[in-house]
Structure formats: structure tokens, C-alpha cells
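Before any comments, here is the structure.
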Amino acid sequence: MLFSLTFLSVFLKITVLSVTAQQTRNCQSGPLERSGTTTYAAAGPPRFLIFLQGNSIFRINTDGTNHQQLVVDAGVSVVMDFHYKEERLYWVDLERQLLQRVFFNGSGQETVCKVDKNVSGLAINWIDGEILRTDRWKGVITVTDMNGNNSRVLLSSLKRPANILVDPTERLIFWSSVVTGNLHRADLGGMDVKTLLEAPERISVLILDILDKRLFWAQDGREGSHGYIHSCDYNGGSIHHIRHQARHDLLTMAIFGDKILYSALKEKAIWIADKHTGKNVVRVNLDPASVPPRELRVVHLHAQPGTENRAQASDSERCKQRRGQCLYSLSERDPNSDSSACAEGYTLSRDRKYCEDVNECALQNHGCTLGCENIPGSYYCTCPTGFVLLPDGKRCHELVACPGNRSECSHDCILTSDGPLCICPAGSVLGKDGKTCTGCSFSDNGGCSQICLPLSLASWECDCFPGYDLQLDRKSCAASMGPQPFLLFANSQDIRHMHFDGTDYKTLLSRQMGMVFALDYDPVESKIYFAQTALKWIERANLDGSQRERRITEGVDTPEGLAVDWIGRRIYWTDSGKSVIEGSDLSGKHHQIIIKESISRPRGIAVHPKARRLFWTDTGMSPRIESSSLQGSDRTLIASSNLLEPSGIAIDYLTDTLYWCDTKLSVIEMADLDGSKRRRLTQNDVGHPFSLAVFEDHVWFSDWAIPSVIRVNKRTGQNRVRLRGSMLKPSSLVVVHPLAKPGADPCLHRNGGCEHICQESLGTAQCLCREGFVKAPDGKMCLTRKDDQILAGDNADLSKEVASLDNSPKAYVPDDDRTESSTLVAEIMVSGLNYEDDCGPGGCGSHAHCISEGEAAVCQCLKGFAGDGNLCSDIDECELGSSDCPPTSSRCINTEGGYVCQCSEGYEGDGIYCLDVDECQQGSHGCSENATCTNTEGGYNCTCAGCPSAPGLPCPDSTSPSLLGKDGCHWVRNSNTGCPPSYDGYCLNGGVCMYVESVDRYVCNCVIGYIGERCQHRDLRWWKLRHADYGQRHDITVVSVCVVALALLLLLGMWGTYYYRTRKQLSESSKKPSEESSSNVSSNGPDSSGAGVSSGPQPWFVVLEEHQQPKNGRLPAAGTNGAVVEAGLSSSL
């Protein structure tokens, strides 16, 4: 709707079509966004890395995205540094003896000046605008301006200087000696030269930590001594050592914040670790065909303090840098500036104070053939109805459709004198291929991740929703507020936590997890909800893994998907074992079935609270994507064609776009919420996807083929980055951030943690204090102004101490519900489709990972598996007796890569600690009113009154014999019982639900003619046999009727013959009385005794015999006079 209103306001009277043209965008507003009384600082640009690989210079974000080549042929021997304010990279090509520079986007490459061939170090003084170089042979440090002019020698007579560094905020420079392991320091004036330390080994890498004012270095040491990074303060004291993960000598290092980055010989990767401990490691794997990276630099505003960021610069400065369409006062500039100071399309006002728009259409120099429209800073050509604008953006051509096939054009085609030409709808332009359209009016949304705002027929700009900032590419949007987003994902036997850049990778929950495939979180109460497949219940815990508690323990069979309605305060899950979708409130007390008809094997599920809809995948015999209301009504089929096994499903709540993955087709697809505009996002390179999540500009999905988590651009499916690290089967995953689930109000739960007033803003709780109070340093509590003054006076260092705690890494303290596995190593794979690690092409087996052993790398099976690293098999801890399950009170259930303990019947607990249930005291026994219940270990006995004197007598009114069996005078529970009320309606077609203890499952006893777990399928073999038997009976009946009918016809014919003869004889008798007389006389003779019976019709009867299964293939036979005849009919005629 937003797009439609904006688009119509610009193009209400324009009906022409547009083609290629340059996009023009306005400069953005200031760096702060205001929402009520709360001010949010806009997020600065993301940090990225610049490094040399081979003879090319690359850049890449620390999370592995935006990997691109800046300089193709930079030289082989290179030293380099950057100037953040200029947005430029400087480097020295030692072979060509040139100092060169290029912008961070790869444009504007130029040569600054010639240099000597012995340059051994380069550093940028970003405050004074100077370049410092060391010459190892001349032993000098030279200083020039940023254009290579005004050269002067700062220091001379040095011993082979190299690795020069500068901290202009402290007015200090540092360098090392090539031959010895010495570190030196001087001020920027070349005075106060000091040697900080001396070491026997050569210092190969030297870097500065501007934040903590420390030096970090690595040395080319003896065998076994290359595994350390050393540091000291600016005075050479407080020396510290950390161990790095590389197996060879380091080539380069960089520092940013609390992270240290490095690369090493023979390793095509960049390591990222905690600079204090060397742990919390992330490995960024680059193209395996390349050489190790060198000259690593972290580019960010804070890497060069005092640099004015473009986001913090004045409007005039930003517009000058980008030559945007801004109006600004010249009072901020040189008053003698001329019109060249204004951006293109603008000119100086008459009073020379402002830049104003130039009306190119009025100047008649626009070149448009038919129509011209002026816009601020530019113009565009228009055409009347029936004409279209040609690719030059100037000429109009009559609209003549192309004949025949025009499928190569993404939108439409016209016929011109130069041949067929692809065209685009108004507001979009043709891409470089001349076939594909892009723009606000096309499906790619102009390349904008969120909002596309048209400026003209051929130009537009991108914008973002509240809470997001437009990034440097002017297309992507990133969250501008809140904590750092992270991933939560189920890894079959545990739940893990990881930031997008692979840092803070740890296990949150692993104890008694079994098999977990379903997971989601509640942003209001900051809770994780997950389903246990092996233990058949649903739990929840805090986002840090603490305070585990069971929520739903009855009626859960095989949960494979779970979704939390963070607004309606409910949870929904799919149960493939019961073929249902169920729901409950967050307490688990109001449990109900949502969908049970026409559903086979539901798996993934997503909820849209604002649309009040459920979306799910069904992997059964008729794979499909479906939707319904939150109550299960109004079911809608989203997709059913071209599906094999749709698994995960997710919603982009900002654009109302549905995403799903198909495990067997190895594809990710997207569509509108009603199933329209369906298209494939990625194909053939997503492995075995199981689950999805969407946030910012990316789709995340889990892969079982190469156990890992992958992300791609949510619009194009490109820029694939893979994160892996000792994963088994990563399943359900979610992105945790206040903006990930819009509309969440954390103030609803315990007032958002605020003592006084809580205001929700973009998914976060903003605490305010009542009049007369001020906020405490924790931002939650409120203090009286008097207490605040005391706090500021007597405890002056407290605020500093609190700030330090807030800025320090959060400690991970394990408890009973969590493990100490916070040292997991994450790997970022940015090598495209090529997959290779230190263990060789293809890596290790599916249940193994690659580890370092000295300078070698070997495959090692994951925990819970055994083998040679290439082939690893699950260890059955239950069979081996190596589990921690108490044998008397619990049973061991083996799972892939682990096991879980489940309390036996009659016990309760967490599976490892099980206590006897006193059924008699709880009233959960099955004894009759007249019996006495006696609790036993793991069970109970029912005793009849007077039973010892009368053993074996049943108790009157005892529990049903179907549930109890006789054992002397006691009634004990049988192994088969009925199902709980939650299973009502589970068995279909007349089936009876019952619990079988031996298999620990609820099963259905189907009536004859039906089969399946829920008796949902007809027994085709039984129906076929029944049909065949019915057919045989039908055939026999038909034949029998035919035989009877034939017999009746014969009898009727015989009776007719007899009647005819009788009448004829009577007629003849009347004509010959003498003959009749003589005949009557003779009939009374002795030989006429038998002839008397034949004077009337002889009696006939037929006996039919049915042959149910004739073996000789002959029809059923008939007999005369009671005799059975094998074939045909017989008579005495």
C-alpha cells in the first residue's frame, strides 16, 4: 500500500514505459532518529576487512558477506594502510615502486607518487593527514602529505626499520627492526626515541591496539614457539602472551575492539579470537585455490578515532562527498565558492548562499523528443500514450508488440526499426543484459531490501522501515538499535548460540536433550521453547539456558515443528506421529488439537500473529504447504505442485513473504502469503535444508548434507555464506533480536524489568522514572535526586566501574542445566561452491570434524560416535552400559550421538534423578473403594479386606479387569492401559486407542479393513479380497438365476406340449368314439398299471447346487428329481 500511494503520486498522469537510466538518490538525513522522548543513535557502517591475497586486494565483512575484489593487479610485494575519512586505501607496489590509492568501493584507482624499492612499512596519520614510510636499507622514516608531496625525513640512522605504526591520538609512532627482535618508539616530531624491548627472534608482525593502548606482535621463533602472540603497553611493560590456533608462523594481524584477527603461512583462512584469551575462535575460510591472506586491516570508524564518519558529518559535507541532491547554506563553506561547489543539477542562487535546482526542461537542452519532466537535481523524458521510451532515454517509439516468441524479456517486448527490444513497466529499467527489468514496479523491488521510493520513470531510492538503517550500498537495511542479533538453533542433541559472524559460539542446553528438532523463542519473556522427540514433552528455558521447566508432558508423540505466538501468548506445534497440529497457552494447561483432518505428516510451522494465520508444511503422501486461522478454520492450500518433502517454513513479517525449503528437491522457494508470486530463490546448492529463518536481508537455513547453517540474500539467493563447527544435525533455527518479531511488547512481562515506567519502542523496553527521580546506572532502577548526588559524589568511580562491566564480554557460567562447552570453534565458508578444509577436499565424514594435531590436520569423530574419522558410527551407550541412567528407576534411550534417561513408570524426575511416586497418597492409583492401596517402590498394590485369610478372592467393585490382573489377593496394574483424554479422536475409522508399555507408545487397534498408525488408510488387500469374494458370489447368483430361468422355460415348454397333445387327443376322441371305447377297454387290462400315472402331466423338479469356488471352471449344475448333475440340465423327455 505504501508503494502504491507513493508510486501513484509520482506517475498519476504518466502511462509510458521506461528503460535503462542512472539511478539518483538523495542524501540521507542526520545521524539520529527520534521516537517520542527517546533518541537512538543510528548504527554506523559495518566494519569490514581489507587484505591482500595473491596480487589482488579484497574486502569482506567480518560475517563473511560482501566478499569482493577491489584491486586486480596490486603487485606481489605490497605494504598498505587506509584513511577512513577519505574512504581510501593506500598501498605501495614494491615491484613498480609506486604509491597508489583507491576508494573503498574499488573506484578511483590512481598513482600518488614514485617511491624507493626498499619501502618496508607504511602508516597513515589520519589526524594530521600524513603518510609515513620506512626504508630498511637507508634506515630512515619519511613523512609526506596525502598526495606524496612535501617529503621530509623524520628519523634516520635506524637499524633496518620495518612495520611502522602510528597513534596520532597519543602523538606516537612505533616500529620494529628487521634483523633483531627490537621494538622502538618515538613521538611524531621524531624526538624521544626509545627501545621498548629486545628479543632474540625477529618480529614478523606488529600491530597497535588503539583502544587499550597496547602493542601486539608475533615472532619467527624456534620450533614449537610460533604458537603465541605477545603484547605490551606503550611503555614496553605489562607483557602478556596468548596462544593462537594457527599451525604455522603468522603473516599478518589486526585488532578491533576485543577481537584479534590473524592469518598464517600455508593456511587460506583468517582467524578471529578474543584478544585477551585467544579463545572464542572463528575461522573465516577463503577461496581454497588462493594463497594465504596478508596485510590485513579492519576498516571502521573506531579504528581511527577522531575520524568524522559520513553518518556524523554535516549535511553539506556528506552531499559534497556524494554530490547528492541537497540544499545547504554556503555559510558553512568558503564564501568565494563558485557553482562547481553545487551538485550536478544544481546551481548557486543569486545571493550565492544556496544551491538551487536547475530546470533542464526549460533550458531546452534536455534532448527529449516529445516530453520532459523536471525533478529536483535532474529530469526525465516522457512519451504520449501509445509510445514508449527507447533505451537512450530520449527518443519515443510507437508501441508495436513483437510477433512470435518473446519469452526472453522479463516483462514485455516491442518491435523497432532496429529489431525486437525488451521494455519494462513505468518505474523500472532494463538491466545490463537488456532483458531483465529492475525497479520499484518490478519483482526485485529495485534491489531494495525493504522500501523502494520512485523518483522518476527511471530512478528511485531505497529506504528502510523504522528501526533499520540504510547501509553503504544504499540498498540493504540493517537493524539500527537493540543488542547484537544472534542465532539459536537445535543441533539434534543440544541447543546452540552463535552470532552472525560466528563469534560467541557456544552450547546453551545439552543435558538430557535427546533428539530436538523443534524450537522457537518468546521475545516478551525471553524464553526458549523446544520439543523433546525422545522424551515426548515440550520444555522452555531462559535465553541463556537457565531455568529449564517442562510445559507440556501429555499427548506429545513426534514433534517436529514449533512456533510461538508472541502476541496471542500461545504455542503451536506439529506432531508427525499423531498427524495433527496442536496448540496450547504458554502454561501448557489448555491443550487442544487445531488440525487433525486431511493431514498426514506435518513438519514445519510458522505463525503470523497480526494476520492471525498458521502456516505449515506436510511431507506426507501429498506434499503441500497449507494455511489456516489460529483456530484451525479457513484452511487454504498455498502450494501443492512441484513438491517432494517441504520441511522448514518461515515468514518475512516486514514484507509478508513466505519462505519454505524442500529437503529432497534441495531448493528454497518464496511466495506471498496467499501462495501467489511463487518463485524459487535457490536451487542445487543448498544441500539437505531442514529449517529456515528470515532477518534483515538474509534467509538462514540449516543443512544436513554438510552439517552447517547457511545464509543467502533473501531477494536473489546469492552471496551464500556457510557457518559450521562440530555440528551434528542442525535443525530448527531462529534469529533473536527485538525487531525479528515485530509487535512484541516486553513491558507486558514484569514491567519490562523497569522499576517505574516502561515504554515499548521497536520491541525493546525503555525505562523511565517518575518526576523527582533519575535512572540508576543499570537503566532499570530509579533513584531520588539526593541519592543520585550521593552516588555521584561518594562513589565517583562506580559509574566508571559499571561502564566497564557493561562493555566487557558476558561471562558464561554453567549450571546444572547447561554445559561448559563455550569454546566451540565456528568456521565461515566464503569459497562459493568449493568445499575444502585442512583435512582435504570434501572434508571429513558427516559425523566428524577436522582438528589440528601439531602442524597436521586429522578427522576426528564427534562426541557420541566412534570410527576412523571418515566413517563414524553412533555409540549405543545404553547397550554398552556406559550411560548415567540409574537402572532401578529409569531406562536408557539411545539417540544419535547420545542418549537420554527416562524415569520408569512409578517414578518421577529428570531421568537421572528419579524418585518413587506415592500413587496411594496422590490418589493416582487404580484401587477400588473397598480395597486398601499400599505404595511400593515404583508401583503400588491393592489389597482386599480380609484377603490374607481368603487369598485369591477378587475385591468387590475393583478396578476393571482390563486394567488389572490377579496376583494372589492383590490387583496389580496391567501393561496395557487406555489413552489419556488428549488422545480423543486420535484413532480414526472406529479404531481403539491403547497404551502399550513394552514399546512405550500409544497405538491404535484398527477394525478389519483399515491399517496405519491412526487407522487412516484402507487395507487395500483386504478390500481387494472382499471385492473378489463379492464378485464370485455375484457371478454365482447371476448364473443360478439364469439356470432357474432356463428350467422354468423348459417346464413351460413341456407343459405347453402336453396341453397341446391333450387337446389334440380329446379332439380325435370326439371324432372316433369307437376307437376311444376300445382304448378304454384295453386300458383296464393287467398290463396297464403303469400307464395310469401317465394319463396327466408328470411332476418335474430341479435342484440347484452353488459352487462357491468351482475348480473345473464349469458353471453350477442342475439335477432332475433331486439328482445333482455336473453339467447342463437333464429330463426324462
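Heads up, the Cβ atoms here are built off N, Cα and C, so glycines get one too.
Small disclaimer: the values here were computed from a predicted structure and weren't measured.
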Query raised in the report: Pick from CYS361, CYS383: which cysteine does Swiss-Prot list as forming a disulfide with CYS372?
Result: CYS361
Report task. Look at the disulfide annotations in Swiss-Prot and name the partner of CYS413 from this list: CYS396, CYS402. Result -> CYS402
Query raised in the report: Based on the annotations in Swiss-Prot, which residue of ASN149, ASN1080 is described as N-linked glycosylation site?
Result: ASN149
Query raised in the report: Do you know which of CYS920, CYS927, CYS947, CYS955 Swiss-Prot records in a disulfide with CYS942?
Result: CYS927
Query raised in the report: C-alpha of ASN149 (N-linked glycosylation site) to C-alpha of CYS448 (disulfide bond): distance in Å?
Result: 43
Query raised in the report: Can you check what DSSP calls CYS747 (disulfide bond), collapsed to helix, strand or coil?
Result: helix
**Report entry** CYS758 (disulfide bond) CB neighbourhood, other CB atoms within 10 A
**Finding:** 20
Query raised in the report: Does CYS464 (disulfide bond) have same-chain partners at least 6 apart in sequence with Cβ under 8 Å from its own Cβ, and which are they?
Result: SER449, GLN450, ILE451, LEU470, CYS477
Query - Whole-number Å value for how far ASN930 (N-linked glycosylation site) lies from ASN118 (N-linked glycosylation site) (Cα to Cα) - result: 104
Query raised in the report: Cα within 10 Å of CYS850 (disulfide bond): which of the recorded positions CYS372, CYS758, CYS844, CYS859, CYS861, ASN930 qualify?
Result: CYS844, CYS859, CYS861
Query - Whole-number Å value for how far CYS782 (disulfide bond) lies from CYS872 (disulfide bond) (Cα to Cα) - result: 57
Query raised in the report: Where does CYS361 (disulfide bond) sit in the DSSP three-state scheme?
Result: helix
Report summary line: Mean pLDDT across the domain 'EGF-like 6' (835-873) comes out at 79
Report summary line: Cα nearest CYS747 (disulfide bond) among disulfide-bonded residues (CYS361, CYS372, CYS861) -> CYS861
Query raised in the report: For the glycosylation sites ASN105, ASN941, which one has its C-beta crowded by the most other C-beta atoms within 10 angstroms?
Result: ASN941
